[in-house]
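Colleague: Marked as compositional bias 'Basic and acidic residues' by Swiss-Prot: 12-21. As annotated by Swiss-Prot, compositional bias 'Low complexity' applies to 25-40. Residues or ranges marked as region 'Disordered' in Swiss-Prot: 1-48. The motif 'FYXDWWN motif' annotation in Swiss-Prot covers 346-352. According to Swiss-Prot, the feature transmembrane segment maps to 79-99, 123-143, 155-175, 182-202, 230-250, 263-283, 319-339, 387-407, 409-429, 442-462, an assignment based on sequence analysis.
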Amino acid sequence: MAPPPSLAPDRGGGEPDDALRLRARAAAAAGDAPAPQQQQEQRHQEQQQQLLWYRASAPAHRRVRESPLSSDAIFRQSHAGLLNLCIVVLVAVNSRLIIENLMKYGLLIRAGFWFSGTSLADWPLLMCCLTLPTFPLAALMVEKLAQRKLISKHVVILLHIVITTSVLVYPVVVILKCDSAVLSGFVLMFLASIIWLKLVSFAHTNYDIRMLSKSIEKGVTHDISIDPENIKWPTFKRLSYFMLAPTLCYQPSYPRTTYIRKGWVVRQLIKCLVFTGLMGFIIEQYINPIVKNSKHPLKGNFLNAIERVLKLSVPTLYVWLCMFYCFFHLWLNILAELLCFGDREFYKDWWNAKTVEEYWRMWNMPVHKWVIRHIYFPCIRNGFSKGVAILISFLVSAAFHELCVAVPCHIFKFWAFIGIMFQIPLVFLTKYLQDKFNNTMVGNMIFWFFFSILGQPMCVLLYYHDVMNRQQAQTNR
């Protein structure tokens, strides 16, 4: 067996082995094959040469080389083996923690926190949820009146403002009037927020379609290529499809697939159920015991608060990743498959985000497209600077995060609002660090630390203790 080329000494004035082999192959290709005697002589020479390769006097070090983990060579190496090691260690450590938790606490699955004893009797929330589709129908009626020019442009805008405002105020009033479970209120506010975003897009897009139609009638198109499929008037069928489709941006037509993969849908539904159960297990077995044994992070000892936040960071990260996979990958793709919705870019590789700004652009594509289309670029077109447009976008996002969390919890401490607005300085900080150090890893690590290790566990502790304090105060009355 031939040694590595680095251990083979120079042959002096002789011809290298590689050259001999190349000459032999070239001669064979040309039809001038060596005679058997020549082949035997060649093999004998190779055997004699191999004896020299393993002599003690043969040099073992022949060139300058870096260690694989040195700073100059580490990024040129493949670390697949280390990644496999990390996965094995992660599985082993988490398996031990699960077994230890079950041996210490037993199975803690309960539904009291999510579904109270009155959850099935929360008929006001159920009735509110069932009546939410009336708001899209009202928006369609407004567009029909505008299409027939029975109402003016300003009246159309006013009616859409009334409809979109009502679709948020109505569920908020119902939830605050009823002492419902947290999960029931969250689901209702989540649906109401989605309908609000869709109706704003519906109204804004149709307003722009009317403006484009008037420009076409006048022969003024501003040199913009207009697809006739995207300037059609709204119909009940188009609105119904839009309200069910996994998108927040209205348009008269969407890219469609040709058929439904029924077996694929069943597999995704099974995965969705499995990961939903996993989320519930982590919450009940890990997150609830940790927060129960903690104090309010703003009232207790600082070191104890840091210890609780760090202990809570891993399970909350797992729950958040499961939630992302269940909703953005499984559920939205299931909806897209059932509706033959073609554009399924619901997220990008946000885990590789180099800055906080990149993360917000990549992790939730339906909301990102909505913000770009209906907030950011309209602000730019109206003369606002880029920084002001970003600030307004974050304000809207922070307001909806606060609504979806604070209203179901019946607590208005603005923790979610502050958490989202705190992302603005992080946007500029990570952008500055990336430009200063020309290193993509710095911003990525800052994003993971503030978002997953510090931000989410802190919000969980703050809201949990506020909810528990509110429930305790109600019990003492």
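Any Cβ shown, glycine's included, is placed from N, Cα and C.
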Colleague: For the motif 'FYXDWWN motif' (346-352), what does DSSP give as the number of helix, strand and coil residues?
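Modeller: Counting residues per DSSP class in the motif 'FYXDWWN motif' (346-352), I get 3 helix, 0 strand, 4 coil.
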Colleague: Among 79-99, 155-175, 387-407, which stretch has the most Cβ pairs under 8 Å to the transmembrane segment (182-202)?
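Modeller: That would be 155-175.
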Colleague: Any residues 6+ beyond the ends of the transmembrane segment (155-175) with a Cβ under 8 Å from its own?
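Modeller: Distal contacts: 124-125, 128, 132, 135, 138-139, 142-143, 145-146, 185, 188-189, 191-193, 195-196, 199-200, 203, 207, 403, 407-408, 410.
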Colleague: Run the contact check on the transmembrane segment (409-429) against the transmembrane segment (442-462): 3 or more C-beta pairs under 8 Å, excluding pairs closer than 6 in sequence.
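Modeller: Output yes: the transmembrane segment (409-429) sits against the transmembrane segment (442-462).
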Colleague: For the transmembrane segment (230-250), what are the same-chain contacts with Cβ under 8 Å, counting residues 6+ beyond its ends?
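Modeller: For the transmembrane segment (230-250), the sequence-distant neighbours (Cβ-Cβ under 8 Å, at least 6 residues beyond its ends) are 133, 136, 139-140, 143-144, 147, 194-195, 197-198, 201-202, 205-206, 209, 212-213, 216, 332-333, 335-336, 339, 341, 343-344, 346, 366-367, 369-370, 373-374.
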Colleague: Can you give me the average pLDDT across the motif 'FYXDWWN motif' (346-352), rounded to a whole number?
Modeller: 88
Colleague: Mind checking which residues of the chain, 6+ beyond the ends of the transmembrane segment (442-462), have their Cβ under 8 Å from one of its Cβ atoms?
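Modeller: Contacts of the transmembrane segment (442-462) (Cβ under 8 Å, skipping residues fewer than 6 from its ends): 287, 291, 294, 296-298, 305, 308-310, 312-313, 316-317, 320, 352-356, 358-359, 413, 415-416, 419, 422, 426, 429-431, 433-434.
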